[in-house]
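The following features are taken from Swiss-Prot:
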TRANSMEM  16-36  transmembrane segment
TRANSMEM  146-166  transmembrane segment
TRANSMEM  174-194  transmembrane segment
TRANSMEM  204-222  transmembrane segment
TRANSMEM  235-255  transmembrane segment
TRANSMEM  260-280  transmembrane segment
TRANSMEM  350-370  transmembrane segment
TRANSMEM  378-398  transmembrane segment
TRANSMEM  410-430  transmembrane segment
TRANSMEM  435-455  transmembrane segment
TRANSMEM  469-489  transmembrane segment
TRANSMEM  496-516  transmembrane segment
REGION    524-551  region 'Disordered'
COMPBIAS  530-545  compositional bias 'Basic and acidic residues'
Amino acid sequence: MAFQDLITQIGCLGRFQILHLIFVLICFILVVPHTVLENFTAAIPSHRCWVPILDNNTMSDNNSRILSQDDLLRISIPMDSNLRPEKCRRYIQPQWDLLHLNGTFSTVTEPDTEPCVDGWVYDQSTFLSTTVTQWDLVCGSQTLNSVAKFIYMTGIFIGHLMGGHLSDKFGRKFIVTCGLLTLAVTETSVAFAPTFLIYCSLRFLTGISSSCIRTNSALLILEWTSPKFQAMVMALIFSAGGIGQVLLGVLAFGIRNWQHLQLAMSVPVFFLLIPTRWLSESARWLIITNKPQEGLKELIKVAHINGIKNSRDVLTLEVVKTTMKDELEAAETKPSPLVLFRTPNLRKRICLLSFVRCVSLISTVGLLINLQYLSNKVFLLQCLYGVVCTPANLLGNFSMNYMGRRTTQIIFMSVMGISILSITFLTQEMQIPRLVLASLGGAISSASLTSTAVLSNELVPTVIRATALGVIGIFGSAGAALSPLLMILMTYSASLPWIIYGVLPILSSLVVLLLPETRNQPLPDSIQDVENKRKSSREVKKDAVAKVTPF
């Protein structure tokens, strides 16, 4: 017997689970968008240097009063290679000769230019204000925008490292509550951050709390749900994240001031703290941490909410201890992560799966947090990403069942890479093709992550599955954290980051060929099962060679 037998006695999917699931779904709808919020709050609008003759309203000049804005811009700002005004330099002196006022003057030497020493003028047609316009994160300081995203993703990485340990020590409910409070306070404070350094510090704390909330809220509902409903619950949770992205796109379209949008996405999180007082702690965690009496109390409460009668007669302390005997013994001997690397076949699987997860998240995060570089229709693209999330996961589930896990993963990662690479060959004027390819890449990346998770779960043995998935998850979080830094390479070439984002999944798809297929295969229960499978495959190859050798 196991804890799932107790779940069966109190109701597999009753009123209690539905209410808890609704709470978790709302959490994901409100929390997930904070990862991609900087697509709008940190968007980089069109900009140019501030020049006195054009932007100083008090300045009076006989020539400037009769010239159009385009003419004034022409004599003040040099043109780049695309014949557009330079974003980071201006003429030291107005170049009146460029207007050919005398009709005969020709410039012999290139006019002297200088950086934007007086600041910048920003286009407000799309965004009234962003963090970029507030702290002038353009030109020489543009890399700080990527650094801010890196700091947030590093927070998620730290949260992934801390979340599991804190959850095992203090419980799922406590960590979810603390995470919601921290996220609500930090993200609300972000809107009033006086300096860029404070802004980055608050976003770092947001990353930690966001990771803890998502991990532990999902864990909380899964530990109260029967295994046969867990796949459905996870699908709903992924879909909730997609709904959150659509919500963000709609709000960002209506709210063009970054501080107002920040508050619109942060203040509602405070209201999630109200229902946390009625959340039930995981009975499984309570029992395993030597709190069987409290665990029993939670089980009886859940049975009552689900309408199970006479639960006090069926559920006793002795029944709970007997049912959880095996899990209590397993909890006393927690395997070290080093166990994963002591045997050759398991070590190979862990290394390959970690590489695939890391690369998948580098490209996926690169797509999600850099929408502005993919299309001018950033609001529409954000909504499309959210909309395609659910059908993409359904497609992935169908493909894994009929084509196999490995084949599905190879196809999805290859298509994702090709989609990203194709965008680099399209000009900014080709908005519809760029929008289609970006949406396709986003959809496939979501399905690819799902298939990666399934493959990882089925390739590691039960006895150390939690430890193995934790190690693989750490490598994935590291990839997500590194992803924003690749955008710094745009200072050398505008296409270079996207070429890397596209090439990495294609290379990773080749690595998947080294992993075994798991469709319709029994899950390995022990490390010996993994190693025996390797030996048996070798014996099969030897037998095949022996049979063909005589011929």
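For all residues, glycine too, the Cβ spot is worked out from N, Cα and C.
Fair warning: this is a prediction, and the values are worked out from it, not measured in the lab.
Contact between the transmembrane segment (174-194) and the transmembrane segment (469-489) is not supported: fewer than 3 Cβ pairs lie under 8 Å, counting only residues 6 or more apart in sequence. Contact between the transmembrane segment (16-36) and the transmembrane segment (235-255) is present: at least three CB pairs lie under 8 Å, with pairs separated by 6 or more positions in sequence.
Scored on C-beta pairs under 8 angstroms, the neighbour of the transmembrane segment (410-430) with the top count among 260-280, 350-370, 378-398, 469-489, 496-516 is 496-516.
Sequence-distant residue pairs (6 or more apart) of the transmembrane segment (235-255) and the transmembrane segment (378-398) include at least 3 whose Cβ atoms are under 8 Å, placing the two stretches in contact. Contact between the transmembrane segment (146-166) and the transmembrane segment (469-489) is present: at least three CB pairs lie under 8 Å, with pairs separated by 6 or more positions in sequence.
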